[in-house]
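Enquirer: Here it is: the structure, laid out below.
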């Protein structure tokens, strides 16, 4: 605490005089696992001092922060509201009174400011008054909850004219225990109730045992050789414990707390603590587990955040035992020393080191604590590890905040110094943890975290609805409402939070009653409708038939038929409760009617028909359709009626055995199965008609153990039900043993008697007195699918992870105790293998209506199954703890997905950034299509950055909502640009000429404006759906998700249409311009691939939100695809794009002189000279090189294929004319057609370069004079000295009209306008020969 108490003994006296505190521990378990009268307490896997922030104290699931600034009520409420949505405190129980009495006297300054008149006294609570006609109402804020339990001091509340100005405070005259009224404008101190530190602590169970018992669950009696010890140590003392040589400490129980109004006396009789620290067990385990001796100094300082206000009352109660020492094992990379594992951080950069408070939290997250007083041998290992990392001086925190030191490691030497006074000082940390073992906290049964009872009931509080509204600012108490909603044909009007909405049940002609639905106080969202009062009219009609004593087999048939029809239409909660009630009444009626029948065959037929119909009704109530309606019932009603239904079905099995004439009969349903066997007592063998390991004609699998040759064979029988998925198996003792233990009941009679013979401590042995009764022995088997879920308490972090199986003899409501050496054994198949742990064998206790482990033992277990043995007969199952998200992502899988997401998104972000840079900074790539690429990459880049940085920032509700909105906007914008990818492809195919003005402005307006409108509308209507407690994204359980899904569906559908049109055109047109169509096909492939990637990615993303086992596979697919979007875009549009590659190479060559030419097939042999010739030209002309790549991608450069060199020209024959054969021109014509004037090397249709040289080549032999050749060789030398012939090279401003043909033009139509010779356009200066033909310069 921040300071010592001023009046500890005065508090003690007042406590004795003024109140009686109930001995109810605030940390009691919700499900008791303790045996022999032990008390179950909740313990945390996080050690002490890690739950609350600094300068605060932990109490009942919350942290309380005291502030000395004086404020009026409104300012105090606003101050707390701004502190992570904290609230003012509330006193609603005797435990609260005891806490605040001690806490406030310790915290409120003893010397108030001298200038304050009157001096400040006490703190504000969350309660204030409201004028309500002639009386005052007292309301709790925020939420406007009506206060029902008050704790007024004597003479309170005072009378005021205007109660709107009156608030409730805790003041010193009542020792801060009772309520007093004061004007809200008076200044008082402030205490804020805030949520504890969000450390993923696991809460487990520990047992406080009565005297004489020990073990983790009080399962053993204390003996001297076990060295069992229960020890009490006052908080002002040091704790010590030691074991003999060769033995180590095992901690079974530890709780640091107090008994209010009882000062600690170490020799006094131990009683239950009225308050305790949930971190006690882990703290003591860290200090003592596995050691021969241990010591904890200054207990009050170690457990400084204990909610018990008076240190003089606090004490540590422990129960330890000494066991043979076991060699512990630590994870790889950790230092192992003296039964402890040590992990350490080594950072020389102070910014990466931790403060003392952060270091505590860091160690606590792994269940450990900061090292204290390391011995020399351990220091040597620490020094070695430090020297292996760095040669600099490294500082480590040692001890606790109240007893802190700095360990300095420099080279091979160590030294200690006092901790710096500044709370912002940083150092490295060494964490000490206990090796994992069966005694570790993680191996204990899990429990729900201890919760403030006020918070537990907050969702069901009554809201003030008086005639006059409270005068509270909206910033403190803004009313919230559940929106109008239509569900299952019922319209629920807008309802204020914390209010109950009531509606008549639908279909009033066939259904009677009302349906209610509650608007949750804390979330302002509708809860599940309660249809318990909605019942079809046939239920009442059948109740009347039972009262009229109509034939029970007819009633059961009608119920079965009506129930089936109801499930096919609409089933309500009242139908379930009514049918269970009918089933129980029909069972009693059947006993009465069948017992008076004398005709044996008639009695058997009636009993069989009744049992089949009753079983059919039970099967329908266990169906998946009915399971959703079961969930609408409250937990108490659901468990009560499910337990009754299971009991009725079990009793019906033996009822059939009473009247059957066959020795064996079974009934198989979809959701349950049963078999009943009947045998006469003189028959010593049991089930002899069955063959070993075979399935009989009635569907039962029977495995008979081999019986030795003896007059009375002792054979065990194994039963399973193949008709049920994952059916358990049950192995029973011999028939003769079961017959001797059976306690038969009369065939006729009234209701069953419920006995618990297996609770008798005296087992029935093999030498029991023989049973002389000659009545038939009835043995029933049954297995159920679905009862585990219905009988499970959803609030205790456990689940029934198997089908339910059981057996009974003579009476299903009476259990028979079996000898310890002849138990019944089971093998259960686990329904869920992910996110569960700690299997326990349990049976259903009808008297207590809960699962119990009494008499059952776990034999063996694996991830898929468990084996159990029990010493009694009833219904059994496997109970397991929920250690993760069941059936979804948990543990290592979630961590693996996080790693994959982080690495994949990092690579994707880099690829997207590179793509944006390429499409932005290369001017020759800037066109409409690449603008679409660039913006697509930019939107995905921002979206993935926001995803990585903010997806899990759920601490700040507003910030989380902003992250969700940004993700929604940029992902929608990405898909809009993806739509334009397909649209641009479509426009390229249907337009002959591209319009001169670009539509890029409209593109920007569409892709950035449309998503903004969609997001603005959805966020404005349903802002609360953006961001959840688990992730910063749209709540997938709300209709708002369709604001994202619907546009994506439309965009994907439109793009598919565009791509199909483009594919149809490409496949239907036989174009001579193959290169152009090759370019279109390439773009088509890229667009289709990208569309599939983006579309499939979010399809799997949506499926990931679907609950079930397949969600895991979808999560992996979505994670991988989402993280590789940027990589695919970079590969498709940059790496595999020839034009982009050429631009990048050309850019690189401008800065790197000797960079090799590209080896692309589109350029070699056409655009480059050989390396040898280039070197010769450099020497021959200027002695330096010029770039030889003339690409059509560059609008400023010509494209001149090189066909001749100077060396070739010099070897021509010395004659006046050269005759060129016709074949050469044929080759030349082919060269022209396949020259680099193809579409693949032209960026857009409007990027046609002008003809630099225009020549016409006739297919007749061409005569070229030597003089012209020589003149041409001098005139056409390129800068490197090579002679080139420029054939059909085009120029941007060429005075040539290119002929274009519409899509679908046939080859003949194109060919009719082609000539077998190319047009020759002579340069203006070309002379005309005498024959009328022009001279040509190549």
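Numbers run from 1 along the shown chain.
Backbone N, Cα and C atoms are what each Cβ position is placed from, and that goes for glycine too.
Just lifted these from Swiss-Prot, have a look:
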{"type": "SIGNAL", "residues": "1-19", "note": "signal peptide"}
{"type": "TOPO_DOM", "residues": "20-901", "note": "topological domain 'Extracellular'"}
{"type": "DOMAIN", "residues": "25-64", "note": "domain 'EGF-like 1'"}
{"type": "DISULFID", "residues": "29-40", "note": "disulfide bond"}
{"type": "DISULFID", "residues": "52-63", "note": "disulfide bond"}
{"type": "DOMAIN", "residues": "59-193", "note": "domain 'C-type lectin'"}
{"type": "DISULFID", "residues": "80-192", "note": "disulfide bond"}
{"type": "DISULFID", "residues": "167-184", "note": "disulfide bond"}
{"type": "DISULFID", "residues": "209-218", "note": "disulfide bond"}
{"type": "DOMAIN", "residues": "233-322", "note": "domain 'SUEL-type lectin'"}
{"type": "DISULFID", "residues": "841-868", "note": "disulfide bond"}
{"type": "DISULFID", "residues": "856-870", "note": "disulfide bond"}
{"type": "TRANSMEM", "residues": "902-922", "note": "transmembrane segment"}
{"type": "TOPO_DOM", "residues": "923-930", "note": "topological domain 'Cytoplasmic'"}
{"type": "TRANSMEM", "residues": "931-951", "note": "transmembrane segment"}
{"type": "TOPO_DOM", "residues": "952-959", "note": "topological domain 'Extracellular'"}
{"type": "TRANSMEM", "residues": "960-980", "note": "transmembrane segment"}
{"type": "TOPO_DOM", "residues": "981-999", "note": "topological domain 'Cytoplasmic'"}
{"type": "TRANSMEM", "residues": "1000-1020", "note": "transmembrane segment"}
{"type": "TOPO_DOM", "residues": "1021-1040", "note": "topological domain 'Extracellular'"}
{"type": "TRANSMEM", "residues": "1041-1061", "note": "transmembrane segment"}
{"type": "TOPO_DOM", "residues": "1062-1085", "note": "topological domain 'Cytoplasmic'"}
{"type": "TRANSMEM", "residues": "1086-1106", "note": "transmembrane segment"}
{"type": "TOPO_DOM", "residues": "1107-1115", "note": "topological domain 'Extracellular'"}
{"type": "TRANSMEM", "residues": "1116-1136", "note": "transmembrane segment"}
{"type": "TOPO_DOM", "residues": "1137-1338", "note": "topological domain 'Cytoplasmic'"}
{"type": "REGION", "residues": "1300-1338", "note": "region 'Disordered'"}
Enquirer: Give me the count of other Cβ atoms within 10 A of the Cβ belonging to residue 192 (disulfide bond).
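Expert: Counting Cβ neighbours of residue 192 (disulfide bond) within 10 Å gives 24.
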Enquirer: Can you give the mean pLDDT for the topological domain 'Extracellular' (20-901), rounded to a whole number?
Expert: 78
Enquirer: Please give the sequence-distant neighbours of the transmembrane segment (1000-1020): residues at least 6 beyond its ends with Cβ less than 8 Å from one of its Cβ atoms.
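Expert: Contacts of the transmembrane segment (1000-1020) (Cβ under 8 Å, skipping residues fewer than 6 from its ends): 928, 931-932, 935, 939, 965, 968-970, 972-973, 976-977, 980, 1026, 1040, 1043, 1047.
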Enquirer: Could you put numbers on the helix, strand and coil content of the domain 'SUEL-type lectin' (233-322), residue by residue per DSSP?
Expert: 16 helix, 35 strand, 39 coil
Enquirer: Near residue 40 (disulfide bond), which disulfide-bonded residues out of 184, 209, 841, 856 have their CA within 10 Å?
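Expert: Qualifying among 184, 209, 841, 856: 209.
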Enquirer: Can you check which residue among the disulfide-bonded residues 63, 209 has the largest number of Cβ atoms within 10 Å of its own?
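Expert: Going through 63, 209 one by one, the largest Cβ count within 10 Å is at 209.
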Enquirer: Where else in the chain does the transmembrane segment (902-922) make close Cβ contacts, counting only residues six or more beyond its ends and a cut-off under 8 Å?
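Expert: Beyond its ends, the transmembrane segment (902-922) has Cβ neighbours at 930-931, 933-934, 937-938, 940-941, 944-945, 947-948, 1119-1120, 1122-1127, 1129-1130, 1133-1134, 1140, 1143-1144, 1147.
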Enquirer: If you count the other Cβ atoms within 10 Å of each Cβ, which of the disulfide-bonded residues 29, 40, 52, 868, 870 comes out on top?
Expert: 868
Enquirer: Tell me the Cβ neighbour count for residue 841 (disulfide bond), meaning other Cβ atoms within 10 Å of its Cβ, over all protein chains shown.
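Expert: Result for residue 841 (disulfide bond): 24 other Cβ atoms within 10 Å.
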Enquirer: Tell me whether residue 184 (disulfide bond) sits in a helix, a strand or coil according to DSSP.
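Expert: SS state of residue 184 (disulfide bond) = coil.
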Enquirer: What does DSSP give as the helix, strand and coil breakdown of the topological domain 'Extracellular' (1021-1040)?
Expert: 6 helix, 2 strand, 12 coil
Enquirer: Round to a whole number and give the Cα-to-Cα distance in Å for the pair residue 218 (disulfide bond) and residue 29 (disulfide bond).
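Expert: Per the Cα atoms, residue 218 (disulfide bond) and residue 29 (disulfide bond) stand 15 Å apart.
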Enquirer: Report, as numbers and ranges, every residue of the chain located at least six residues beyond the transmembrane segment (960-980) whose Cβ falls under 8 Å of a Cβ in that stretch; write 'none' if there are none.
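Expert: Non-local partners: 932, 935-936, 939-940, 942-943, 946-947, 950-951, 953-954, 1003, 1006-1008, 1010-1012, 1014-1015, 1018-1019, 1023, 1026-1028, 1032-1034, 1043-1044, 1047-1048, 1051-1052, 1054-1055, 1090-1091, 1094, 1098.
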Enquirer: Quick check for you: of the disulfide-bonded residues 29, 52, 80, 167, 856, 870, which have their Cα within 10 Å of the Cα of residue 841 (disulfide bond)?
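Expert: Checking Cα-Cα distances against residue 841 (disulfide bond), the disulfide-bonded residues within 10 Å turn out to be 856, 870.
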Enquirer: What is the separation, in Å, between the Cα atoms of residue 63 (disulfide bond) and residue 192 (disulfide bond)?
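Expert: Spelling it out, the Cα of residue 63 (disulfide bond) and the Cα of residue 192 (disulfide bond) are 8 Å apart.
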